[in-house]
Amino acid sequence: MGKRDNRVAYMNPIAMARWRGPTQSAGPTIQDYLNRPRPTWEEVKKQLENKKKGSKALAEFEEKMNENWKKELEKSREKLLSGNENSSKKREKKKKKKRKSCQSSSSPSSSSDSSSSCSESEDEEKKQGKKRKKKKSRSYKSSESSMCESESESKESVKKKKKSKDETEKEKYIRNLSKKRKKTHPEDKPLSSEASSESDYEEEVQAKKKRKHEEQEKAMEKVKKKKKKQHKKHSKKKKKKSGSSHKSG
């Protein structure tokens with residue numbers, strides 16, 4: 001049995017398009033767009049007038065809303081003002097009642113006593129206000145003192161930690177020295193070794209300080225020498241430039 005022939009003939013797309021002819025366009029063409037009906041100048045003016053009328057209506061609506069909002073604001077202001085006036089009136093009434101009570105407690109003949117009692121009540125009120133202020137200042141001072149105490153305690157704890165670290169380092173150094181000496185000189189006495197270890201530790205600390213100081217001095221000398229060399233080079237270059245300029249002249 002032979003194989004089935006699956007080959008398909010090649011068709012040139014450009015030749016096929018030419019053979020089909022021009023395609024029918026579904027939508028409008030450019031010429032149709034250019035020849036479209038357009039409004040006259042009078043119709044355009046009418047459209048603009050209609051737009052302006054619409055904007056006028058919107059402006060009238062906004063004005064009405066603003067008026068209503070202003071009325072609401074005035075009402076709320078009146079309420080607040082009336083509340084403030086009522087509070088001020090109440091205060092005045094209280095003051096008048098106090099004065100009347102002071103006057104009623106004292107007889108009409110002793111007017112000086114009534115005035116003194118009123119002044120005493122006013123003084124008491126002032127004293128109470130001063131006491132309140134003093135209490136507030138004391139509470140503020142106590143809070144400040146507690147803060148200072150906490151800071152001082154934290155500083156002391158840091159110092160104690162540093163001291164404990166130094167002591168532990170010293171003890172470690174002394175132990176290491178005593179161990180080394182026991183290995184090298186086992187016949188020595190323990191007391192003499194402890195005293196000598198402390199002195200050795202102090203000597204080593206001083207030696208380290210001296211080394212640091214000597215290293216700093218050496219570094220400073222090196223910097224000074226470099227600066228001198230740079231200055232000499234710069235002066236030589238200036239002399240060469242001045243000599244060349246004189247020769248050219």
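Heads up, the Cβ atoms here are built off N, Cα and C, so glycines get one too.
Features as listed in TrEMBL:
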type     : residues : note
COMPBIAS : 68-80    : compositional bias 'Basic and acidic residues'
REGION   : 68-249   : region 'Disordered'
COMPBIAS : 90-101   : compositional bias 'Basic residues'
COMPBIAS : 102-119  : compositional bias 'Low complexity'
COMPBIAS : 128-139  : compositional bias 'Basic residues'
COMPBIAS : 140-149  : compositional bias 'Low complexity'
COMPBIAS : 164-174  : compositional bias 'Basic and acidic residues'
COMPBIAS : 213-222  : compositional bias 'Basic and acidic residues'
COMPBIAS : 223-249  : compositional bias 'Basic residues'
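The residues of the compositional bias 'Basic residues' (90-101), classed with DSSP into helix (H, G, I), strand (E, B) and coil, number 12 helix, 0 strand, 0 coil.
Each residue in the compositional bias 'Basic and acidic residues' (213-222) gets a DSSP state, and the totals come to 10 helix, 0 strand, 0 coil.
Taking DSSP states H, G and I as helix and E and B as strand, the compositional bias 'Basic residues' (128-139) has 12 helix, 0 strand, 0 coil.
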